[in-house]
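*Asks:* Below is the structure I would like to discuss, written out as structure tokens.
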Amino acid sequence: MGNRGMEDLIPLVNRLQDAFSAIGQNADLDLPQIAVVGGQSAGKSSVLENFVGRDFLPRGSGIVTRRPLVLQLVNSTTEYAEFLHCKGKKFTDFEEVRLEIEAETDRVTGTNKGISPVPINLRVYSPHVLNLTLVDLPGMTKVPVGDQPPDIEFQIRDMLMQFVTKENCLILAVSPANSDLANSDALKIAKEVDPQGQRTIGVITKLDLMDEGTDARDVLENKLLPLRRGYIGVVNRSQKDIDGKKDITAALAAERKFFLSHPSYRHLADRMGTPYLQKVLNQQLTNHIRDTLPGLRNKLQSQLLSIEKEVDEYKNFRPDDPARKTKALLQMVQQFAVDFEKRIEGSGDQIDTYELSGGARINRIFHERFPFELVKMEFDEKELRREISYAIKNIHGIRTGLFTPDLAFEATVKKQVQKLKEPSIKCVDMVVSELTSTIRKCSEKLQQYPRLREEMERIVTTHIREREGRTKEQVMLLIDIELAYMNTNHEDFIGFANAQQRSNQMNKKKTSGNQDEILVIRKGWLTINNIGIMKGGSKEYWFVLTAENLSWYKDDEEKEKKYMLSVDNLKLRDVEKGFMSSKHIFALFNTEQRNVYKDYRQLELACETQEEVDSWKASFLRAGVYPERVGDKEKASETEENGSDSFMHSMDPQLERQVETIRNLVDSYMAIVNKTVRDLMPKTIMHLMINNTKEFIFSELLANLYSCGDQNTLMEESAEQAQRRDEMLRMYHALKEALSIIGDINTTTVSTPMPPPVDDSWLQVQSVPAGRRSPTSSPTPQRRAPAVPPARPGSRGPAPGPPPAGSALGGAPPVPSRPGASPDPFGPPPQVPSRPNRAPPGVPSRSGQASPSRPESPRPPFDL
């Protein structure tokens, strides 16, 4: 084997496996092991029983192995078995081992034919075994049996993949010799996960059950369907032998006799059979462990580092310590206060790049949402002028007024200021909602203490609700203050003279038709959504919105204008998204029931996000295009009945000038009021609600928690947190133990190198019969060495013996035998050796290569 260090490698992995199986982490750790895969009834369990020399595995029809069995063989002077789930109990009767495997399988999978990926760990001590670790996996099947689910094939495949996809897992691919080897389930799955063949070892069973006149010599010599690590043949007990209780020792003797007496296998007898397979697996697993140990150590160290910081908090953890609970309570409250302040005020560390924080959202409410709500509440132009005209006429009464009454201005302004209450209250509600959401996010770190989290959220949320009432009262007070006194001496107010002058200028502008340059309100890309497919479908254009019109161009260079639409008599309405559409849509329509664009009653415009839609709506509001209201039609019918439109058209010039003057005064004063409200609203909310809540959390939250009752109840851990802490501590100690185990082993050993690559393209060829030797059944011609004609049927190879000195490790390609008369008169004619023209001849690696004039026995890929 090499030295003592090498002999200790497999027991080392067994100790690692036990350490991690005890905490349920064995499936996640990539420990070196050998996975036994194969089709149903391929003989996997029989191979394992031959290793142990005892009957201990369940047998029967259908799927017998329904859970992975991690079988750890340990060379010992005494013979007994141990289960990891039955610690301390030694099984000396292997019939009891079989019953325990069946009982443990049924405990997890039930009594039907279901399967489970949870492994059973069995360790067998015996003087007849070599140190070895194997995993017996369920046989691959395609048809459900009994109560099995219809997808049993995929369930088994998924389970196999959990083991064989790991880089540290050797694959023992078991295939029966009496079936088509090219269609072997084991070789197919091995090729899928190990395309280079570095981890696959082939085992051929049922050699004694092949059809008469056929053999598997070419396969066992690794000529047909070659594997990098080669094939080993075994002969298991037949069902008759098992029923007759044939001793495994006698079965191994019969296996030896079979290989020595069979004319096709006698030259390979020393490299066939269960004992040889044990030695090969022991050597290859040992070498594999030695090669993978450094990587395993690095992986364990990285896992240890990743959990070390969290485990430090748990090492000295005492759940029932009152001092610990008090300290934890203070830390939780302090952390909650700091998190709340950072989310509101902002911070330079731990910046969230996925979503806006509470402070950023509140800022957006103050400076985007609230101004937009104010703009939405602005007056309708026609309605306002009508109200002003009614106010002027009602003030004059029966008299004919000579001057513009200021009471009409005051009455109109008060009505408009009163409308500001609704958006102001809505602003407070939106801020309260964001504060409550921020409190919930800050309390997420308290999930290990569910009672504390619940109580803390309740206290802070109750305080926010109390401050909400005070804040709304103050906001209403601000609006009432604006209503109490009209400050017409404000420095920004245009005054009566300026309003009259502006009215005259507007009249002149209407008559002259000369307009100054119109201010652009907004530019941007929009998609016209309701153009039919026959007319080109939806298209994106560059839109320019001014106070007078809406224009759109082919692109943002604004050279090719497509259309210009006047904003007079336009209104906005929302449009539901289409079933397959991801865009957000709104529409423009004409209030006078006219086509708004060509032959379309409405112009549907689409944006990528709802935020863009809201922004465009705010821009249209500035241009005098207002959203559609539910009562628009009723108001229109009332207007027609009252004849107000005709009244406005027939308004005398003096009244029209007075209305325009009051209109300008109202516009100027409302601009001042809106500016004041937009400025004072954020300040009021910040002072009365946000800053007050922050101060409450820092100074009064802890006192409120202490007054709630028993602090021990508050600091009770959640069951999930306690379980996580225990799992982390177990994982930490298991990793420490594993690294300690690895550190005790000396791996400075010399091992057999990996056999050279072989031509493994045969798996792409379908329906190649296994076990039939003929010139057409040789490996595919894509070789890296000269082609070798196969021996004729019935011919005997050279007597077994040591290979010639100087032969390369893994065996050079066999040299063709000398042509001559065939001892079989019914065999094929002799073949003349020739060099194939598909590849250059192989170059000998050593000077001592065997002469082609002498037949040579092929070397195995293993050096024992």
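Glycine is treated like the rest: Cβ placed from N, Cα and C.
Take a look at what Swiss-Prot says about it:
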BINDING   S41, G43, K44, S45, S46, R59, G60, K206, D208, D211, N236, R237, Q239  GDP binding site
COMPBIAS  825-843  compositional bias 'Pro residues'
DOMAIN    519-625  domain 'PH'
DOMAIN    659-750  domain 'GED'
MOD_RES   Y80  phosphotyrosine
MOD_RES   Y125  phosphotyrosine
MOD_RES   S306  phosphoserine
MOD_RES   S347  phosphoserine
MOD_RES   Y354  phosphotyrosine
MOD_RES   S512  phosphoserine
MOD_RES   S774  phosphoserine
MOD_RES   S778  phosphoserine
MOD_RES   R796  omega-N-methylarginine
MOD_RES   S822  phosphoserine
MOD_RES   S851  phosphoserine
MOD_RES   S857  phosphoserine
REGION    136-139  region 'G3 motif'
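Any idea what these are sitting next to in the structure?
*Replies:* Neighbour list (N236 (GDP binding site), Cβ cut-off 8 Å, at least 6 residues apart, same chain): G43, S46, V47, N50, T205, K206, A251.
Residue counts for the domain 'PH' (519-625) under DSSP, helix first, then strand, then coil, are 16 helix, 49 strand, 42 coil.
Taking DSSP states H, G and I as helix and E and B as strand, the domain 'GED' (659-750) has 76 helix, 0 strand, 16 coil.
Packing around Y80 (phosphotyrosine) is summarised by its Cβ count: 16 other Cβ atoms lie within 10 angstroms of its Cβ, all protein chains included.
Taking the Cβ of Y125 (phosphotyrosine) as centre and 10 Å as the limit, one finds 17 other Cβ atoms among all the protein chains shown.
Secondary structure at S306 (phosphoserine), as computed by DSSP, is helix. Counting every protein chain shown, 10 other Cβ atoms lie within 10 Å of the Cβ of S306 (phosphoserine).
Note: S347 (phosphoserine) has no non-local neighbours, i.e. no same-chain residues 6+ apart with C-beta under 8 A of its own C-beta.
Secondary structure at Y354 (phosphotyrosine), as computed by DSSP, is coil.
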*Asks:* For the binding-site residues S41, S46, Q239, which one has the sparsest Cβ surroundings, going by other Cβ atoms within 10 Å?
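*Replies:* Counting other Cβ atoms within 10 Å of each of the binding-site residues S41, S46, Q239, the minimum falls on Q239.
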*Asks:* Three-state secondary structure of K44 (GDP binding site) from DSSP?
*Replies:* helix
*Asks:* Based on Cβ atoms within 10 Å, give me the single least packed residue among the recorded positions K44, D208, Y354.
*Replies:* Y354
*Asks:* Cα distance, Y354 (phosphotyrosine) to S41 (GDP binding site), nearest Å?
*Replies:* 55
*Asks:* Round to a whole number and give the Cα-to-Cα distance in Å for the pair Y125 (phosphotyrosine) and Y80 (phosphotyrosine).
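*Replies:* About 5 Å separates the two Cα atoms.
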*Asks:* Tell me the Cα distance separating S306 (phosphoserine) from Y354 (phosphotyrosine), rounded to the nearest angstrom.
*Replies:* 25
*Asks:* Rounded to an integer, what is the Cα-Cα distance in Å between K44 (GDP binding site) and S306 (phosphoserine)?
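*Replies:* The separation of the Cα atoms works out to 39 Å.
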*Asks:* For the region 'G3 motif' (136-139), what are the DSSP-based totals of helix, strand and coil residues?
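*Replies:* For that range the per-state counts are 0 helix, 1 strand, 3 coil.
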*Asks:* List the Cα distance (Å, whole number) between Y80 (phosphotyrosine) and Q239 (GDP binding site).
*Replies:* 26
